[in-house]
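Working notes, structure below.
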C-alpha cells in the first residue's frame, strides 16, 4: 500500500492522518523531497544551506521606512508637475514646471526662448542643447551656422496659405494641412514646446491652420495660430490655439478667439472650443463669452431666448447658459416654476465697456476675405442644388433612353 489512512479521536474531534509509504515507487517526488530536507545541501546539492538561505531578503523596519520616504518624495514631485495648468488658451505668461528635455534654449529670430515642455523632434535635434528655427518657414536646425546658411536661401516671407484677413500690419493666413503638411507639422512641433496637452504633431491633413502674423516691413512674423477640423462632428471651431510666449500679454489670444467665432458666424453655425479647456483657457474663454453675451443682450430687440442669444453670438447653447449664470441674470422663479432672465442694463454695459478697455485689439469683420471650406461631398451637393449636375439615377435613365433611341 502506498498510503495508509488512520483515524484518531480526541476530545470529540476526529483527526484524519494520511501516512505515505516513502519506499513506494508510485511517489518518487515525495521521497526526493524528504532526501532534500534531510541532506546538508539544497537544490539537489547545487547550493549549500548558506547560499540558499533567504532570511536576509525579508523586509525589516528600515526597509519599510525607506520605501515610504521614497514614495512620499515621488508623489510630491508628481503633484507639483500636474499642478501647473496648460497655457494653451491664455494670453498671460505663466512659468511652467521644469521638464526632462535636452533642449535648453530655442532660438527663434532674435529671441532666445526657454522651452516649457518636450516636443517630439527627431532624435538628432531633440538631443541638442539648442534648437534653431527659421521664422519664415519654421524649419528646425541644430546649429546657428546651418541656420545662417538656410536664411541665405530661404525665400519665404509669409505662411504658405491664403491671406484671408489684413488690418494694417496684422494678417491671418489660412493654411491647409493637406497641401502644406511640412509647414503645419513644423508649426505643431513648435507649439508642443509650449503646450502640455497637445497630442497632434504629424497627422495634419484633416485640419486647417489659421496663422496670425505681424508685418515688420520685410516679412510676416508668426505670432500665434489656431487650428480647426475641416469636418467636425462636434461643432468645434477650435482644436488647438497658441500665442507664442514672446507675443503674450498683448491681447493676441483673445483676438484669435474672436476671429474663430467670426469664421463660425460666416459659416452660419454654432461653435465651441474643443474640451476640456485648461484653467487659464477657461478663464479667457469665459471672459470673452461674458462680453459677447452682454453685447447680445444689449442689442437684441426681439423676444430674448437662449436660441436667439446663441444665434447672435455663434455660441452653442451650453456655453450661453453657463455665461448667463456667471452674469447672474439666469435665475429660477419659484412662483412661475421656470427659469427667467433678470437683466440689469447698467451692469451689462459695465461688463462690455470694461472688456473693450482691456482688449482694444478687435477683429473687423469687414476686412475678412474668406469662404467656408467645402469638401468633395459638399461641392457635389451644392452643384446638385444649383441644377448644374444631374443626379446619378436620372443620368442612367437618360443614358438608357438615348441608347434605345439609337437602336
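Every residue, even glycine, has its Cβ placed from backbone N, Cα and C.
In the predicted model, residues of the domain 'MYST-type HAT' (98-372) average a pLDDT of 91. Taken from Swiss-Prot, the feature domain 'MYST-type HAT' covers 98-372.
Positions annotated as zinc finger by Swiss-Prot: 131-156. For the zinc finger (131-156), the DSSP counts in helix, strand and coil order read 10 helix, 5 strand, 11 coil.
Taken from Swiss-Prot, the feature N6-acetyllysine applies to 198.
Annotated acetyl-CoA binding site per Swiss-Prot: 241, 242, 243, 248, 249, 250, 251, 252, 253, 254, 278, 287, in sequence order.
The Cβ neighbour count for residue 274 (active site, proton donor/acceptor), using a 10 Å radius over every protein chain in view, is 16. Per Swiss-Prot, active site, proton donor/acceptor is recorded for 274, and the stated evidence type is similarity to another entry.
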Handout entry: Number of other Cβ atoms within 10 Å of the Cβ of residue 249 (acetyl-CoA binding site) across all protein chains
Key = 12
Exercise for the section: Work out how many Å separate residue 198 (N6-acetyllysine) and residue 241 (acetyl-CoA binding site) at their Cα atoms, rounded off. Expected result: 10
Practice task
Check the binding-site residues 251, 253 for other C-beta atoms within 10 angstroms of each C-beta and report the one with the most.
Solution key: 253
Exercise for the section: Would you mind checking how many other C-beta atoms are within 10 angstroms of the C-beta on residue 198 (N6-acetyllysine)? Expected result: 19
